[in-house]
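In what follows, a single structure is set out as structure tokens and then discussed.
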Amino acid sequence: MPHKIGFVVVSSSGHEDGFSARELMIHAPTVSGWRSPRFCQFPQEIVLQMVERCRIRKLQLLAHQYMISSKIEFYISESLPEYFAPYQAERFRRLGYVSLCDNEKTGCKARELKSVYVDAVGQFLKLIFHQNHVNKYNIYNQVALVAINIIGDPADFSDESNTASREKLIDHYLGHNSEDPALEGTYARKSDYISPLDDLAFDMYQDPEVAQIIRKLDERKREAVQKERYDYAKKLKQAIADLQKVGERLGRYEVEKRCAVEKEDYDLAKEKKQQMEQYRAEVYEQLELHSLLDAELMRRPFDLPLQPLARSGSPCHQKPMPSLPQLEERGTENQFAEPFLQEKPSSYSLTISPQHSAVDPLLPATDPHPKINAESLPYDERPLPAIRKHYGEAVVEPEMSNADISDARRGGMLGEPEPLTEKALREASSAIDVLGETLVAEAYCKTWSYREDALLALSKKLMEMPVGTPKEDLKNTLRASVFLVRRAIKDIVTSVFQASLKLLKMIITQYIPKHKLSKLETAHCVERTIPVLLTRTGDSSARLRVTAANFIQEMALFKEVKSLQIIPSYLVQPLKANSSVHLAMSQMGLLARLLKDLGTGSSGFTIDNVMKFSVSALEHRVYEVRETAVRIILDMYRQHQASILEYLPPDDSNTRRNILYKTIFEGFAKIDGRATDAEMRARRKAATEEAEKQKKEEIKALQGQLAALKEIQAEVQEKESDAVKPKNQDIQGGKAAPAEALGIPDEHYLDNLCIFCGERSESFTEEGLDLHYWKHCLMLTRCDHCKQVVEISSLTEHLLTECDKKDGFGKCYRCSEAVFKEELPRHIKHKDCNPAKPEKLANRCPLCHENFSPGEEAWKAHLMGPAGCTMNLRKTHILQKAPALQPGKSSAVAASGPLGSKAGSKIPTPKGGLSKSSSRTYAKR
């Protein structure tokens, strides 16, 4: 009967850190799978070696939700050469290929589970991944495979075939039919039956411990059926169905616990752990009551190492999965790729959010039991060589301090770390000679807790080294420690990364000063670790980026490191064109911060290296990098002024076409206190407009005065000609001038006349006119703020441009009047004002805020007429005093009124304010 075939990964063309192809050897709810390197070349390939030569019946692939290969090819081979060379493809026989869905219909929120039926014999299986499907989440053009499952039979099954043939012959003579409905759903008579427990979906959703129990109970059920113990088989069948639900629930709890650990919410993690243990204990108790559980079934499955939930390859900031994804059937039917491959008609997809990263292997539990002999287990239950460890008993432990936990771990509660590989032994040989193989093995362990404990143990060892230790031993220990620290800085687990930073800080600030080691040792520490630290500042995890950048800044300020001037030399190295956005931004941010802290005097930063770096950064493709470069250049200019200009192009119109250089040079102007080009252009434009406006107003006023004088002269000449006519001429035509005007010589016509309101009076001497302007003229008013006499028609313009308090006024865009600036926002917001009309359509009275007909004559009618402005206080005062006037005076006013009005209508009102000197000038004219 076909069953799951174990395999190991022989080689792969590459992988992203933390997503090795060896992850495919593990099937569990929390596996992360394999990912290709970022921006890799295609095709990518993986070679698997099955534990024995077998006939493959079925392949199952669990694709990633957004890192999806467009096509996967399959090759099979009987053997490999002594040394493996990927290019020797002729040893492999091509089976065919399958195409994967681009996942656009689900919005990259589902994982496709592809089942492919094959019939091929061999021991080596090669998978070739072609170009990825493009989507917005796969920003690094990667392909990934979460899991692969191989189902088949051993290739040497001649005896089994003969046995099957004999059984078929006996069945034929006994009249048994292999298609008998009574046998449907059983394992009998089905040599090609594949157990659902061997399906990939089963392992990807079940708690590993419960999955092992289910398989054991399934074996017992088959034995009970063979022995015709049907009641017991029925009980086992029900127990298996119930345990599958239990396993899925425990799997969800494990994921939630992992999420809490990643978020460092240890209270929630502890709560989930206790919840799992309590639920597991209740289930096992029920199984024991029904005599379905014994000591053999209680053996824990082999454990998996814990990795962080948030991976660096995610397209955006990722959050751990709150629960296991659900299977959902997709009704798409795939065509056969080639005759060798036959896909299952309906594929499945695992629903998962693209923002959620793949959840990684679990934290191992303790195991007080002796190790299981792997050779005595059925093949399906044999552990992989790299993970022969056990779960421990689920017990509730009292609170322990960090030191107690570390000691307990090192004491063997979690078992021993896996032995070092040959590659690791060669790589860490010098560290092993100094620190011992046990400590180095923990530092290389796949379980993150061992790696963290190794750093804590190393820190404790360094702190306890006596002062009298020989210098050579101290140096060797230092270099071995730096080797492990450098490796731990690259770790993707946050706690291990932070532990490496603490150890590095202790070495630099305590270990080296304590033992009085030379600066060469400090330089060795910095030079070996700063490159990998800078690399971590480009991590996709924001927390890791900030942690790494802050530590680099802190380390640069250590007095032991500051004098070496090493870190600044790394920060001013030119940015690589293919460097990540986060890395470039972090380097620029570090440079800007350390420049403020260290300056350019004996710090490793010089004007030359900083300016060359900053000018080159102005060409970077990322806006934030260019913006930071501009800030650095401006900060350098504040300190060094003219020296900075040597590294920049000349300040001319061609250079200023580049917006960055324009910003830089305008920033220089502001620093120097000079006006920028924009400000100078605005000032010149405003001055030109103001001069043109004044010129037009002066021309208009002079033209008006000239026209008025011409009209007056014409009237005087007409009156003189009328005076010399015979006295007996008929005067009933009404054209004769008033008697008062006949005796007025032309050169004295403007005497005793107000040129604003047109009133004439014998009292209008120079002093009398001043008094008239100051108190009585209906066309004038006094400014309440500067006490200057101005025309009412120009009061708004006076308040905005001429008044001593003009800075306190603003213009309302709605009513065009002057309003106090502190009241202007409320004034505009409430919109209570009467909107002004264009100047050509209407005049606007600043006293009553009303619009009226345009023109100069309309001002007189509005301000002096009885139906005009109601807010002209001078007119109101005159009207109140009118009843008290004597009849003689009233007739005098009435007689002079029409003449004054007629004469005044000929003279336009000048713009601008009126002073005593100006009034005298008008009176003399």
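Cβ coordinates are placed from backbone N, Cα and C, and glycine is handled just like the others.
As recorded in Swiss-Prot, the features of this protein are as follows:
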{"type": "COILED", "residues": "209-289", "note": "coiled coil"}
{"type": "COILED", "residues": "677-725", "note": "coiled coil"}
{"type": "COMPBIAS", "residues": "915-925", "note": "compositional bias 'Polar residues'"}
{"type": "REGION", "residues": "883-925", "note": "region 'Disordered'"}
{"type": "REPEAT", "residues": "529-567", "note": "repeat 'HEAT 1'"}
{"type": "REPEAT", "residues": "604-640", "note": "repeat 'HEAT 2'"}
(request) Pull the DSSP breakdown for the repeat 'HEAT 1' (529-567) and write it out as helix, strand, coil residue counts. (result) 28 helix, 0 strand, 11 coil
(request) Sort out the residues at least 6 away from either end of the repeat 'HEAT 1' (529-567), same chain, that have Cβ-Cβ distances under 8 Å to it, and list them. (result) 310-314, 317, 482, 485-486, 489-490, 494, 497-498, 501, 504-505, 508-509, 512-513, 519, 522-523, 579-580, 582-584, 586-587, 589-590, 593-594, 597-598, 602-604
(request) Average the per-residue pLDDT over the repeat 'HEAT 2' (604-640) and send me the rounded value. (result) 89
(request) Take the repeat 'HEAT 2' (604-640) and count its residues per DSSP category (helix H/G/I, strand E/B, coil), listing them in that order. (result) 29 helix, 0 strand, 8 coil
